[in-house]
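J.: As listed in Swiss-Prot for this protein:
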- ARG16: site 'Transition state stabilizer' (SITE)
- LYS23: site 'Transition state stabilizer' (SITE)
- ARG155: site 'Positions MEP for the nucleophilic attack' (SITE)
- LYS211: site 'Positions MEP for the nucleophilic attack' (SITE)
Amino acid sequence: MPFLSMIIAAAGRGRRLGREVNKVFLPLAGKPMLAYSLAVAVASPLVDEIIIVTRPDDIPLCRQVVAGEGAGKVKAIVAGGAERQDSIAEGLKAVARAAEWVAVHDGARPFLTPALLEKTILAARNTGAAIAALPVKETIKQGGEAGIVAATLDRKGLWSAQTPQVFRREWLVDAYREAAEKGWQATDDAALVERLGYPVKLVPGEETNIKITTPGDLVLAGALLAGEK
């Protein structure tokens, strides 16, 4: 089986949640948010090692979460950078030399399912890169000056990116090297890989695979967990 390293991004703050604490350690139904996706990664036979990237001050707390999950697959807990892109770059440095594939997942997406992780990994093996994503359903407006609508975009063919995102290791390493050299900035890893011309497969994501960003997301997360019981 090809060796796969999974990087879990857990270095964010909770400013939009109205909190300064790292949101991935906020409790959801009595467990830290990070614990949910970590448990899926630990249980997956397709994941060989896990790298968690978090804020330097949160490394002790992250170790507690890892210990609570009995996560023997966790190879390293790495101090992240100022931005998400910087954090993933640090995580890549800790990936095992044997790794042929790298998956990246947001720790603030606690509802990752084994099925979504598996199908994204398998799709990447066919094309070299794959990401979970959902077709855009809402009408998309482009804003202009003073909050006036500048244009209505055709949503046909538009997808909203999620994680996990899975790549050939050398593709992702190349993309991050180019980004560092040329000053590229992106809000997801696929955008950097795309800039090098590599094909990225869209894998239908899941509506429940939400990213916890706002207080409303926390309410929705609680409802989703209550519905699972």
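Including glycine, each Cβ sits where the backbone N, Cα and C put it.
Keep in mind that what you see is a predicted model, and the values were worked out from it rather than measured.
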J.: Between the Cα atoms of ARG155 (site 'Positions MEP for the nucleophilic attack') and LYS211 (site 'Positions MEP for the nucleophilic attack'), find the distance and write it as a whole number of Å.
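T.: ARG155 (site 'Positions MEP for the nucleophilic attack') to LYS211 (site 'Positions MEP for the nucleophilic attack'), Cα-Cα distance: 21 Å.
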J.: Any idea what the Cα distance is from LYS211 (site 'Positions MEP for the nucleophilic attack') over to LYS23 (site 'Transition state stabilizer'), rounded to a whole Å?
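T.: Answer for this pair: 11 Å between alpha carbons.
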J.: Just to verify: the residue among LYS23, ARG155, LYS211 with the fewest other Cβ atoms within 10 Å, which of the recorded sites is it?
T.: ARG155
